[in-house]
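Student: Got these off TrEMBL a minute ago, pasting:
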{"type": "DOMAIN", "residues": "28-209", "note": "domain 'CAAX prenyl protease 1 N-terminal'"}
{"type": "DOMAIN", "residues": "213-420", "note": "domain 'Peptidase M48'"}
{"type": "TRANSMEM", "residues": "6-26", "note": "transmembrane segment"}
{"type": "TRANSMEM", "residues": "71-92", "note": "transmembrane segment"}
{"type": "TRANSMEM", "residues": "104-125", "note": "transmembrane segment"}
{"type": "TRANSMEM", "residues": "146-174", "note": "transmembrane segment"}
{"type": "TRANSMEM", "residues": "180-199", "note": "transmembrane segment"}
{"type": "TRANSMEM", "residues": "296-315", "note": "transmembrane segment"}
{"type": "TRANSMEM", "residues": "335-355", "note": "transmembrane segment"}
Amino acid sequence: MNSLVVMSVFAAAVVLRLVLRLWLIGRQIRHVARHRDAVPADFAGTVSLEAHRKAADYTIARQRLELLTTAWGSAVLLGWTLLGGLDALNVLVRDAVQPRWGDLAYQIALVMAVSVIGSLIDLPFDLWRTFRLEQRFGFNRMTPGLWLKDALVGALVGAVVGVPLLALVLWLMAAAGPLWWLWAFAALAGFTLLMQVVYPTVIAPMFNKFQPLADEALKGRVEALMQRCGFRAQGLFVMDGSRRSAHANAYFTGFGASKRVVFFDTLLSRLTPGEVEAVLAHELGHFHHRHVPKRILTLMGVWLASLALLGWLMAQPAFYVGLGVQPSLMAPNHALALLLLMLAGPVFGFLLAPLTAAVSRRHEFEADAYACRQASGADLRAALLKLFQDNASTLTPDPAYVRFHYSHPPASERLAALAGR
Ligand SMILES: [Zn+2]
């Protein structure tokens, strides 16, 4: 492998991805703006012009921010790699940590330094999104104090969970021989399964309050639905989503004995009991069709392939040099290799975006169809319409943008499919 070839391929991919993304965002902004002043015929009786315009303005405002973050993200990526940011940081951390605390400490410190700097670089955009954009459209409920607390708790949990896993992977890379990537994959897969249990029961409650669903009438309905669907959950919970945002949602998490159904309080306050039942039936549709295990398996396939690839790349000096980093001769380069994979991998993974989005949209249709069999299709339509409006989702997205980025079908396609049932 030649470092000049690596560099050229990488730079071309970064530019190509950037151009494609900016083009799609531009299309979405223009398409939504063009349709801003007329409610589509299918929604003429149900959506007001005012709500339609708000959705258009909200979509455009978000896409404008997206333009900025996309351009900025590409600049930062080139800054880390070809412009030498990671190389300089590596030298700094290595010389400061390795002689005194050893190889493993140096590598953990390097990964932590990159993730802290990366978060700080994105910070202004996060703040702007929450306190300007979401605020302007009336969605933000977050106070600066809560935001800060979330950031600190999130960083702490990330460190407590992430550092031991990172240490384990780095140790395997050094000690497990040429097939280290198989062992590292097993560790990651085990960790992912463990998180399915730990996240809903331990981590999510650090950020939100979960209370058992108290509304007896609704509870009876929901339990009857779950019985019909053959779904056994450990509990029905209401989450105080309204503390942070007015956006509404429902989901179920965990597997085996840790399965639980979670309703956002913002959802319950807006929907009738029949509509809540229909939304839950949709979620159970995902369960029935095993969409979550399928997604986890796909993700694991991608990891396995990426780690196997890294096992080969890691031994090629051109991999490091081509991405702007000088590998060390006196210290292990495992952390560097992992960081380069994390930085450069998504540039190529982006090509898979239309495929994963299409699969995800198909799953939504399947879950909707299931919901119509188990609950009322009319209630599901009414609920979705309320949610589309409450979340100010545009009714007129650009078709190309949808194909590339939408994990859920746009309102028009989704309601049309439901109307046909
Ligand atoms: Zn869904």
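Glycine is treated like the rest: Cβ placed from N, Cα and C.
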Student: Any idea what the model's mean pLDDT is for the domain 'CAAX prenyl protease 1 N-terminal' (28-209)?
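Tutor: Averaged over the domain 'CAAX prenyl protease 1 N-terminal' (28-209), per-residue pLDDT gives 94.
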Student: State, in range form, which of 104-125, 146-174, 180-199, 296-315, 335-355 has the highest count of Cβ pairs under 8 Å to the transmembrane segment (6-26).
Tutor: 335-355
Student: Grab the same-chain neighbours of the transmembrane segment (104-125) for me: Cβ-Cβ under 8 Å, and only residues 6 or more beyond its ends, written as numbers and ranges.
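Tutor: Beyond its ends, the transmembrane segment (104-125) has Cβ neighbours at 65, 68-69, 72, 76, 80, 86, 89-90, 93-94, 96-98, 155, 158-159, 163, 166-167, 170-171, 331-332, 334-336, 338-339.
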